[in-house]
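For reference, the structure discussed in these notes is given below.
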Amino acid sequence: MDSHCRVRPAGPAVPADCDPPRITHAALAARLGDARLLTLYDQATWSEGPAWWEAQRTLVWSDLVGRRVLGWREDGTVDVLLDATAFTNGNAVDAQQRLVHCEHGRRAITRSDADGQAHLLVGRYAGKRLNSPNDLIVARDGAIWFTDPPFGLRKPSQGCPADPELAHHSVYRLPPDGSPLQRMADLDHPNGLAFSPDEQTLYVSQTPEQGHGSVEITAFAWRDGALHDRRHFASVPDGLPDGFCVDRGGWLWSSSGTGVCVFDSDGQLLGHIPTPGTASNCTFDQAQQRLFITGGPCLWMLPLP
């Protein structure tokens, strides 16, 4: 995929206005060591949807409001991978190392192939247009799971205002064999999502507007082709749980209004990693030695020992 332009920002820098991590459990202290947050990029409009692209050794993320998909490379350069997007939010990488996207404007899930164009995968459920797909993951079996809240229908800066065609906000599964889109669960305003390492638990954040409804991370058991046993998993102390990721040990690293909150697999808060502004999402590189965090105009990185 060719970049439209390439910039080399100033080298990584420790943010001036950022406290060190607040640790409430010794296990997190051992995981973080003396790690300090670094700013890699600060020229986006609203950063979202980080995904590690191993084939290119690149961190991909969206400038949602700026309508770009960006790529940070390990030499410090930042490429504009896709320009004039349809308000791309979440990104993921499939087993063939292709980029998959949530597009608010097209109200669809798309995939970017080698030509750099976003090709439609799905945009309707039961004959009706989706709301505004927000975040997505690719499971080991190749299925694409995504959330579909209405944010892009209501915010002109993040999509194309329109009346919804669906009466529900759902989590969907797009099977890898081309069979119809599956509606797996309905929530108030589903947002971020991630699987546990064994893919037996699905976590979904809920971020309703104007404080109406539950603000939490919800967990489901995934078995026999369906989601079961819905339960409260955790709430962040400050702001909303937007996007998040789960490490190989089963810890959940969630964005919040003031940084990243880390929970163990039982939902116990282990600590908090402050960021200079609101964090929107986070992800690891393949080796899980770097945590990448998006928020506001920035892409941050926390190197891990």
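Keep in mind that glycine also has a Cβ here, set from the backbone N, Cα and C atoms.
According to TrEMBL:
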ACT_SITE  D242  active site, proton donor/acceptor
BINDING   E48, N191, D242  divalent metal cation binding site
BINDING   E48, N134, N191, D242  Ca(2+) 1 binding site
BINDING   R68, D83  Ca(2+) 2 binding site
BINDING   N134  substrate binding site
DOMAIN    46-294  domain 'SMP-30/Gluconolactonase/LRE-like region'
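Recorded features from TrEMBL, shown on the structure.
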{"residue": "E48", "record": "divalent metal cation binding site", "DSSP (3 states)": "strand"}
{"residue": "R68", "record": "Ca(2+) 2 binding site", "DSSP (3 states)": "strand"}
{"residue": "D83", "record": "Ca(2+) 2 binding site", "DSSP (3 states)": "strand"}
{"residue": "N134", "record": "Ca(2+) 1 binding site", "DSSP (3 states)": "coil"}
{"residue": "N191", "record": "divalent metal cation binding site", "DSSP (3 states)": "strand"}
{"residue": "D242", "record": "active site, proton donor/acceptor", "DSSP (3 states)": "coil"}
Specify all same-chain residues, apart from the site residues E48, N134, N191, D242, whose Cβ lies within 8 angstroms of the center of the Cβ atoms of the Ca(2+) 1 site, ordered by sequence.
G49, N89, G90, D135, T147, F151, G192, S205, T207, G243, S280, N281
C-alpha of N191 (divalent metal cation binding site) to C-alpha of the residue listed as 'active site, proton donor/acceptor': distance in Å?
6
Which whole-number value in Å describes the distance between the Cα atoms of D83 (Ca(2+) 2 binding site) and the residue listed as 'active site, proton donor/acceptor'?
24
Give the mean pLDDT for the domain 'SMP-30/Gluconolactonase/LRE-like region' (46-294) on the 0 to 100 scale.
95
Just jot down the residues in the same chain as R68 (Ca(2+) 2 binding site), at least 6 apart in sequence, with C-beta under 8 A of its C-beta; none if empty.
A44, S62, V80, L81, L82, D83, A84, T85
Tally every other Cβ atom lying within 10 Å of the Cβ atom of E48 (divalent metal cation binding site).
25
Which whole-number value in Å describes the distance between the Cα atoms of D242 (active site, proton donor/acceptor) and N134 (Ca(2+) 1 binding site)?
10
